[in-house]
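Chemist: The structure's right below; bear with me while I get my questions together.
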Amino acid sequence: MTTPSINRASYQVLLLLAAAAVSTTGGDGNTAPGNATVTATTGGDDTEMYICYLCTGRNPILIRRCPIYWDYCHLNCFDDAPSTAAAAVPVVSPAAPARRVGGVPRETLEDEECYVMKLYENGSYVIVTTLGCSQTASCLLSCGGGDLAADGEEALAAAHPGAVGVSPPVRATAPRGMPPPRVADFQRCGSQAMTATPAPRAITGGWRMWDTKFGFPPAAPPTTAAAAQKNPKRRREPEAEAEGEVAAEMREEAVERLRGVVRDSVGKHLYASAIFLADKVAAATGDPADVYMLAQALFLGRHFRRALHILNSSKLLRDLRFRFLAAKCLEELKEWHQCLIILGDAKIDEHGNVVDQDDGSDIYFDKDAEDHEINIKAAICFLRGKAYEALDNCDLARQWYKAAVKADPLCYEALECLVDNYMLTCEEESELLSSLKFGKEDGWLSAFYSCLIRKHEKEYIVEAKFKEFERESCSISSLSSGLTLKNNIDVLACKAEYYHQSGEYQKCFELTSALLERDPFHLKCTLVHLAAAMELGHSNDLYILACNLVKDYPQKALSWFAVGCYYYCIKKYDQARRYFGKATGLDGTFPPAWIGTGIAYAAQEEGDQAMAAFRTAARLFPGCHLPTLYMGMQYLRMHNFKLAEQFFMQAKSICPADPLIYNELGVVAYNMKEYQKAVQWFELTLEHTSSSLNEMWEPTLDKFEAAITYYHKALWLKPDDQFSTDMLTLALESSCQITARTR
């Protein structure tokens, strides 16, 4: 007899056995899990086979072994009541007697989810169908070929009296190759065989599994208690819940430990380690805070594109932290237009007040440390200002910097940009300072900002501000150590800048020299030290300082500005212009380099080039009065007194406290033979100088002495000249006042 005939005869015998053993089988070739490992001999047929399962969770209900050429594993269901048409998945009447499905009582399967699965010899599997287990009471597995022949149907009829017809196969309700929604990959039916391969043994009245690695270990039909124990969904005992809570706590502790390691790696600048661990934490939790931590690590590791991609993929850009970090990535990539787009639309008035902003779209999830951090909206305003400044829109940049300081006075960077880049006039600086809302404990900061912007005030006003700062700084100073902020380098550098503005160059140079011994790399103090050394003609100090700066900071404009100062000091103006120009090329917003370029041209009587440099500086730095003042000096040199007076008056509107402006106005009035007006301007000059007059104002005092001499000569020629008499009296009174002030 050929092999197919043997198989068909065996198949018919098995069908009869299945019909006789309803308690342990579900129909033609459908066995309970207890008979899963029974092996059937095929007479040497080496046809590749696969196994068709009906399972719930990891528990098999029906098993069928099928040849690979019948690769259409599905359920065939039968109607218990006579009907002319069979339904696809009939619902059994409530009055029907309790049935057993694959040896498992039907009530055990109520409200459970079943699925049909094909398991191949190579271990791969495909989920074919998902359906409710209550719908499988009158269903059998079929391979899809001619396995349900007429004789098979007779056997099924004997097993299920009254069953009429075979319904169409149940169609799949889940994507092919994907597990059902409630069955995880490691819980799929048949996964037990991957870890245990027991020897096959014969069990009467059922099938034999040829390869146990594709089946299940032998087991009795599960009872209700056993099924509940195997199925985690049914396990609701207090012990299981306690174990689950302990396991969850352990997982959370492990994740929190990794978060701590990430933070420590960032603190130790081990950015590759931080990125590696943060990536694993974010993948394990999916928490927005962990995603942000990963993006932060990538940003610090200078992986700006990858950080930006992760932030965009997170769909959490409504959170201001995510949006700000994404904009910072674009800032580093110099994509300024995209930076402004991702920050969102907002309008601002000329006073730095944000208007027409949709705050409803802004969410800030991290509120725990809000009292100990700079306001995120201040940081966003500052970044907008930087973007507009990079796009040469100085007006909007100035307004957004003001908005940043107003949003949070602790945002020092915004005020630093406003002051160092001369974006505000002296009056605007005072108005901005008065509009800031400092906290009760931030009085020291308010006093420091006052010292920072009042460099051209009278000496007693500046000294009063510094004393106020010393008083306020006691609130944050250490009482035990006796240290205070009055010796802080930033504070003393601010005082040195005041000395330079008032013309006390020697005092300024001594103070900055002491500060640079404490901190040789304090660049603000270095700039003031350069200016004082150039005024005093200390070329050796300039040479040493310039060499050190070029070695330490070759990409900073300050380094090459120092080289230009050295060449200017030794009167090599061509080289000075070259290095001032190199400084402006490195940083076009560095005011001293532009002014130095104009002064170097003026020293060589090249007025047109000097005026061009001064105009550029006046356009870039509207709050700096020096370019306008120097343009007036150029017109004064060319004897264009009217234009010179206009530029001096414009400089006076920017900085009304600089005595040099009044001195130049007095010179203009003198050259225009407006002597009374000249005397008034010179008096104002002396009123705005510090109490300790220095050699800078010696020409102004000499003008009074010369005036007195000429008035005496005029009266000698014409003793009854009333104008000369009045002017001599006024000059003598002014000279006496100046002498008294000096003493």
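Heads up, the Cβ atoms here are built off N, Cα and C, so glycines get one too.
What TrEMBL shows for this protein is this:
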- 1-26: signal peptide (SIGNAL)
- 218-245: region 'Disordered' (REGION)
- 557-590: repeat 'TPR' (REPEAT)
- 591-624: repeat 'TPR' (REPEAT)
- 659-692: repeat 'TPR' (REPEAT)
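Any idea what these are sitting next to in the structure?
Modeler: Note: the repeat 'TPR' (557-590) comprises 27 helix, 0 strand, 7 coil (DSSP; helix = H, G, I, strand = E, B).
A mean pLDDT of 92 is what the model gives for the repeat 'TPR' (591-624).
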Chemist: Under DSSP, the repeat 'TPR' (591-624) has how many residues in helix, strand and coil?
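Modeler: Each residue of the repeat 'TPR' (591-624) counted once, the result is 27 helix, 0 strand, 7 coil.
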Chemist: According to DSSP, how is the repeat 'TPR' (659-692) divided among helix, strand and coil residues?
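Modeler: Secondary-structure composition of the repeat 'TPR' (659-692): 27 helix, 0 strand, 7 coil.
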Chemist: So what's near the repeat 'TPR' (557-590) in sequence-distant terms, Cβ-Cβ under 8 Å and 6+ beyond its ends?
Modeler: 389, 421, 523, 526-527, 530-531, 533-534, 537-539, 542-543, 545-546, 549-550, 596-597, 599-601, 603-604, 620
